[in-house]
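The next block holds one structure in the form of structure tokens; read it before the comments.
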Amino acid sequence: MNKQPKETTTDINSLRNNHRSSQSRFLEGTNLTPHPHSPTHASFDSFPMASRDLAESLLPGGGGGASSASHEDYEERAYDSDDKVSISISDSDADEDGAAPSRPAFSWRKLWRFTGPGFLMCIAFLDPGNLEGDLQAGAAAGYQLLWLLLWATVMGALMQLLSARLGVATGKHLAELCREEYPTWATRLLWVMTELALVGADIQEVIGSAIAIKILSGGIVPLWGGVIITALDCFIFLFLENYGVRKLEAFFAVLIATMAVSFAVMFGETKPSGKELLIGLVVPKLSSKTIKQAVGIVGCIIMPHNVFLHSALVQSRKIDTNKKSRVQEAVYYYNIESILALIVSFFINICVTTVFAKGFYGSEQADSIGLENAGQYLQEKYGTAFFPILYIWAIGLLASGQSSTITGTYAGQFVMGGFLNLRMKKWLRAMITRSFAIIPTMIVALFFDTEDPTMDILNEGLNVLQSIQIPFALIPLITLVSKEQVMGSFVVGPITKVISWIVTVFLMLINGYLILSFYMIDVRGALLRSSLCVVLVLYLTFIVYLIVRNTSLYSRLCSSVPKSS
């Protein structure tokens, strides 16, 4: 009597799962993605867990087998169901079939449960590359570029909110959706571009941590030793995830608080001008002498891998994507916590910029200041026996470097898993993604001196490397959030779409200037320049393809091509 209903449920689940798998293959061929709010979506996840597990074990290669059939049906997910944080929702809040979605009243308790992903996301706004951009902007331009820092943060916030919206509404992150949206060759190319951006960012982040360790050790630990320490402790900190997502988020909260306290203490001791600070925020000024610093500020704020990361981080909460009100609620709370996190990051960036504006604007050190000697310059100008500002700077820099290297490794796992759909243990994937960056970073640490002018050229080259990858994160993001087949009722409106494209084009122009200046000044030799011109043509061609692929013009061009029999 008790077995018959279970067997019937299992058969139904197996049939539904097979139907969903075949439906996914069909939609993949038609370049569409089944959306949870679509009536054709089979709600397999809503069935009892025991029945799902049994049904999956009956599929070819189920129960952990390694057959090709099971590998084809396997889909990478950012978080396992057991790892997700539960959001307490009463049954009375549930949607009724056909009822208009309504968001429950604001709850501080729910906001706390949703808080976390936004603060991991904001780490990219506080990495050593951003700190160096802040200190150089302050030393070279004083308070004049604070308005640009504000608007760069606003532009970055827009893209991060779109990323979170995409992840919540679809239940998938950006890398997964790119794999479904684009053909294999384009998916692989997007993956390579994103990995290059990750490597470039990671080199700067690990070097930043190594510099901080060198300062705190009094020069005993060399730069390459700091690189090794950073690589090892990154794995140790990521191990916290095994004890729950909230434990890892709490650790990041400690690192962000460390940065905030360190740089706020520096701000309080150096006493920058409040009047000049306010004028710098509201009055736009840009001279020809500060264009390089302005481009650096914008380029450091928008990080390609961070767009992919945020869409995955929001998967850490249990959200029923089949209920519109639950998705609407999640988007609402994620927007609030993301904005709060970015306000914190903006405050920290303001502190760093104004400290160096007060201390070094117009001074002889303004042209030579960098991450390593910044602490020494601060110590000479403001340090005392009772106020060792050198070590306060190093502590903030260490927190910045450690947090950003961990989130970089975290992002690398999601990017590799999403684009390639790999069935691989998380620790192994972390090892692979960490190796991508540690090996070139170790080479840099062994063969470059941080005070050598060649290091400045290398840093500029790494900034260019990250800048040229920005279109390959933002264009797919805007394309996907603008498609009703992907977003359902949560597709962005025309105004948001237009603003997003304007911001993207602006960022591409800013980064184009950075690339051009690097090409004209630092690239020498006719052969090298000719080779880069060829690469540039291919690069622009791929960008155009990503932009026009979903337009009617592209559809007409494809339909006009004769098909081979």
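Don't overthink the numbers, they just go from 1 along the chain as shown.
Heads up, the Cβ atoms here are built off N, Cα and C, so glycines get one too.
Curation plays no part in TrEMBL annotations; they are all automatic predictions.
The compositional bias 'Polar residues' annotation in TrEMBL covers 10-33.
The compositional bias 'Basic and acidic residues' annotation in TrEMBL covers 70-82.
Per TrEMBL, region 'Disordered' is recorded for 1-82.
TrEMBL lists 146-168 (among others) with the feature transmembrane segment. Non-local neighbours of the transmembrane segment (146-168) in the same chain are 117-118, 121, 125, 134, 137, 174, 177, 277, 280-286, 294, 297-298, 301-302, 306-308, 310-315, 319, 321, 327, 330-331, 334-335, 338-339, 342, 345-346, 349-350, 353-354, 474, 477-478, 480-481, 486-487, 490, 492, 496, 499-500, 503, 506-507; each lies 6+ residues outside the stretch with a CB under 8 Å from one of its CB atoms.
With a cut-off of 8 Å between Cβ atoms, the residues of this chain six or more beyond the transmembrane segment (219-238) that come close are 206-207, 209-213, 248, 251, 401-402, 405-406, 409-410, 427, 430-431, 434, 438, 441-442, 445-446, 450. As annotated by TrEMBL, transmembrane segment applies to 219-238 (among others).
What TrEMBL records for 250-268 (among others) is transmembrane segment.
Panel annotation: around the transmembrane segment (294-313), residues 78, 116-118, 120-121, 124-125, 127, 129-130, 132-134, 136-137, 141, 145, 148-149, 152-153, 155-156, 159-160, 163-164, 166-167, 173-175, 193-194, 197-198, 201, 286, 338, 407-408, 410-412, 414-415, 418, 463, 466-467, 469-470, 472-474, 477, 507, 510-511, 513-514, 517 of the same chain, lying at least six beyond its termini, place a Cβ under 8 Å from a Cβ of the stretch. Under the heading transmembrane segment, TrEMBL lists 294-313 (among others).
Marked as transmembrane segment by TrEMBL: 334-357 (among others).
Positions annotated as transmembrane segment by TrEMBL: 390-415 (among others).
What TrEMBL records for 427-448 (among others) is transmembrane segment. When Cβ-Cβ distances below 8 Å are used as the criterion, the transmembrane segment (427-448) is approached by residues 195, 198-199, 202-203, 206-207, 210, 222-224, 226-228, 231, 234-235, 238, 408-409, 412-413, 415-417, 454-455, 458 of the same chain, each at least six residues removed from its ends.
If you look up TrEMBL, you'll see 468-486 (among others) marked as transmembrane segment. With a cut-off of 8 Å between Cβ atoms, the residues of this chain six or more beyond the transmembrane segment (468-486) that come close are 32-33, 35, 159, 162-163, 165-166, 170, 174, 177-178, 181-182, 190, 193-194, 196-197, 302, 304-305, 307-308, 492, 497, 500-501, 504, 507-508, 511, 515, 539, 542-543, 546-547, 549-550.
With a cut-off of 8 Å between Cβ atoms, the residues of this chain six or more beyond the transmembrane segment (498-521) that come close are 155, 158-159, 162, 291-292, 295-296, 298-299, 302, 460-461, 463-464, 467-468, 470-471, 474-475, 478, 481, 492, 529, 532. Summarising the annotation, TrEMBL assigns transmembrane segment to 498-521 (among others).
Here TrEMBL flags 527-548 (among others) as transmembrane segment.
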Highest-contact recorded stretch vs the transmembrane segment (390-415), from 250-268, 334-357, 527-548, CB pairs under 8 Å
250-268
Can you tell me which parts of the same chain pack against the transmembrane segment (527-548), counting only residues 6+ beyond its ends and a CB-CB cutoff under 8 A?
186, 189, 468, 471-472, 475-476, 479, 519, 554
